[in-house]
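Q: According to Swiss-Prot, the record shows the following:
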- Thr157, Lys183, Thr194, Glu280, Asn402, Thr407: substrate binding site (BINDING)
- Thr194: active site, nucleophile (ACT_SITE)
Amino acid sequence: MIKVASITKVEDGSIVTPKGFSAIGTAIGLKKGKKDLGAIVCDVPASCAAVYTTNQIQAAPLQVTKDSITTEGKLQAIIVNSGNANACTGMKGLQDAYEMRALGAEHFGLKEKYVAVASTGVIGVPLPMDIIRKGIVTLIPAKEENGAHSFSEAILTTDLITKETCYEMIIDGKKVMIAGVAKGSGMIHPNMATMLSFITTDARIEHDVLQTALSQITNHTFNQITVDGDTSTNDMVIAMASGLSETKPIDMEHADWETFVFALQKVCEDLAKKIAQDGEGATKLIEVNVLGVQTNEEAKKIAKQIVGSSLVKTAIHGEDPNWGRIISSIGQSEVAINPNTIDITLQSISVLKNSEPQTFSEEEMKERLQEDEIVINVYLHLGKETGSAWGCDLSYEYVKINACYRT
């Protein structure tokens, strides 16, 4: 049983709150007038885990990071640039990514295999290595919160807000910290995709155990968000565990294993929601919960089908309670359902009961649809499993942003 009372959100926490971590973000000239290069550094080689995009076209930095992590399952630094994806840049792009790793290792005095690299931005443009070379040597990570916040700014592209979260958990009666930072706004339809996320913790946990937990939780969080249905070439989630907390090693047999997993899930869920809420041109976060299904996978599939529907997204943007678009999406999900037993609530107002339309106050509904967060609940009465997905509305601004992205 998960000890929820053993987990507390730390409102002013960041990726440098867990013991052993420091961070920095700075402007080196990849983006005009904005921070565009950052680093997270650990005092010791940290156990690590990662989940990557499933796009068959994988960017050079992602390939280099895979190479680093598979060597020992440890990392000590992550270097990230924004403004340039270093994707579809051929062999030269791969060489540049390896050089970026080598430059970081030299600057921080680390083994190359302990350094990961990540890039995000425009695809198909060579990475300006003269700028990268001059920039990396200026990185001086700080253990203070301003270092973490500057890093969160340096990894942004079309994002409007930074995305950070932090939790404290009790393991073996002692405080253990876990935190995360992310970027992502457009081209979001992960399996894993369209976003970068970096998680730090001082938990004592080995690479393979952390990988199991991260892979499992990613399927319930990051893989359940969608903004525009496009899957990126670059993006990934990396978790680093310094092991500097004074607890016994955490594994699946540990009495507090579920506490750790729940805390990791909360970090990933917080970041996933922030990404969905910050979707390009978004004005509303949409949460879809599907209940009463035979399997969790089926529930998640239906939820993602609904939240990814352009017609549902535009209806929410227009504050139109058009539940017909919701039930149509349910039918398109390819999950076997009973079309006669569907209940739907929109902002806790019943709009469909046993697949029959319900009378509701248009005035009350309009008022609730003006809120920033919209919740759609679907009850299928087929089983006991549930699943959720997150997305955002689709606005005129989304088209403007993406029509002019390169300019």
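Including glycine, each Cβ sits where the backbone N, Cα and C put it.
Fair warning: this is a prediction, and the values are worked out from it, not measured in the lab.
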Q: What does DSSP say about Lys183 (substrate binding site): helix, strand or coil?
A: strand
Q: So what sits near Lys183 (substrate binding site) in its own chain, CB-to-CB under 8 Å and at least six residues off in sequence?
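A: Long-range Cβ contacts: Ser82, Thr120, Ser152, Ile155, Leu156, Thr157, Asp159, Lys163, Met195, Leu196, Ser197, Ile275.
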Q: According to DSSP, collapsed to three classes, what secondary structure does Thr157 (substrate binding site) have?
A: coil
